[in-house]
Amino acid sequence: MSRWGLLLLLSELALVSLCAVQHVEAAEGLEPPLTLKWHYYRNSCRDAETYVRHQVEYYWKPDKSLTPKLLRLLYSDCFITGCDASILLDGQNSEKTAPQNSGLEGYGTVVIDKIKQVLEQRCPGVVSCADILNLAARDAAHLAGAPSYPVLTGRRDGMSSSKASVDLPSPSISWEEALAYFESRNLDVLDLATLLGAHSMGKTHCSYITDRLYNYNSTGKPDPDMDPSYLAQMRKQCPPNSKSQGDPQVFLDPASGSSYTFSNSYYSRLLNHQATLGIDQQLARGDDTSQIAQEYDAGLEDFRKEFALSMARMGNIKVLTGNQGEIRKNCRAVNSK
């Protein structure tokens, strides 16, 4: 189904739920599994989405960093083997142990555990961890200022998780490489430029940006695309030996900072050469991505509406349905036989 077809489906649901999802540009894209449904748990666990929403709000209020943590969890889950909650499985060689997923374990996974416990008490063996993660990420993003949108449910949980399957790219790749990676998941350039906008919230480790600050492309010089004043600011927070000093973290978007607010300031910053990650600054180099960034910088609502659609498309990557997979009782472990 095309982006337009998915939009029509979500828009029909949005009329009922008063969500704002509109069409911006038609493009061939991800086909949503026909077995995913709106309110899939209507008969088996009627208030499942309400339980998720209340728990997310409860844990978000004291620590608003929950939003970027859940968004990162969802991205890391969906882009590896599909949206099957395999990222949540524990194990010596599970996906979360891969270097690209360093720091993934923490508040976000604990909150998913808490939500699962509540749902198991009320509706044992009914709601999948994969659906919980998709719903929780949507609700946390909405609390931060993103639009709410209908999440189609009915996903099943994966039965395995392997570090070897993790192919998440470096945050220093070019926009062309990033686009190729997104296209391998049947997403497009609009999804790429839109989903990276989630970097308006959250933090990253200095080790991911020291190359930009001191030795860009092994030149011994900083990234010429970085604004000099921002370069000086970042160098104060990330000295050359940052990793040996505990690899401190910096905000991806200082304009949002500790408020963790969903906004379009990310696009303003990259257009002004003040992006933190290399891949974020790379968006200004592509004709299409630069144009999208300019449109989002000029209008927050355009970004909010397209973000809802791109999140829905990401949530449909290689889902398990029907008799595939299982409904885990504990999101950290497959069910015992």
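Backbone N, Cα and C define each Cβ position, glycine as well.
A quick note: this is a predicted structure, and the numbers were derived from the prediction, not measured.
According to TrEMBL, the protein has these features:
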- 1-26: signal peptide (SIGNAL)
- 35-335: domain 'Plant heme peroxidase family profile' (DOMAIN)
- Cys45-Cys123: disulfide bond (DISULFID)
- Arg72: site 'Transition state stabilizer' (SITE)
- Asp77, Gly82, Asp84, Ser86, Glu95: Ca(2+) 1 binding site (BINDING)
- Cys78-Cys83: disulfide bond (DISULFID)
- Cys129-Cys331: disulfide bond (DISULFID)
- Pro169: substrate binding site (BINDING)
- His199: heme b binding site (BINDING)
- Cys206-Cys238: disulfide bond (DISULFID)
- Asp253: Ca(2+) 2 binding site (BINDING)
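Each residue contributes its Cα atom, and for Asp84 (Ca(2+) 1 binding site) and Cys123 (disulfide bond) those atoms are 20 Å apart. All protein chains considered, the CB of Cys123 (disulfide bond) has 16 other CB atoms within 10 Å. The shortest Cα-Cα distance between Cys123 (disulfide bond) and any of the binding-site residues Asp77, Gly82, Ser86, Glu95, His199 is the one to Ser86. Taking CA atoms as the reference points, Cys78 (disulfide bond) and Ser86 (Ca(2+) 1 binding site) are 9 Å apart. Here the disulfide-bonded residues are Cys45, Cys78, Cys129, Cys206; the one with the fewest Cβ atoms within 10 Å of its Cβ is Cys45. The least crowded of the disulfide-bonded residues Cys83, Cys238, Cys331, judged by other CB atoms within 10 A of its own CB, is Cys331. If you take the C-beta of Gly82 (Ca(2+) 1 binding site) and look for same-chain residues 6 or more apart in sequence within under 8 angstroms, you find Gly158, Ile317, Lys318, Val319, Leu320. The Cβ neighbour count for Asp77 (Ca(2+) 1 binding site), using a 10 Å radius over every protein chain in view, is 29.
Taking every protein chain shown into account, Arg72, His199 are the recorded positions, and of these the Cβ with the most other Cβ atoms within 10 Å belongs to His199. Comparing C-alpha positions, Ser86 (Ca(2+) 1 binding site) sits nearest to Cys129 among the recorded positions Cys45, Cys129, Cys238, Asp253.
When Cα-Cα distances from the residue listed as 'substrate binding site' are compared across the recorded positions Asp77, Cys129, Cys238, the shortest belongs to Asp77. Close to the recorded Ca(2+) 1 site, the chain also has Cys78, Ile80, Thr81, Cys83, Ala85, Ile87, Ala130, Gly158, Ser161: residues not among Asp77, Gly82, Asp84, Ser86, Glu95 whose Cβ is within 8 Å of the site's Cβ mean position. When pLDDT is averaged over the domain 'Plant heme peroxidase family profile' (35-335), the result is 95. Among the recorded positions listed here, namely Cys83, His199, Asp253, Cys83 has its C-alpha nearest to that of Asp77 (Ca(2+) 1 binding site).
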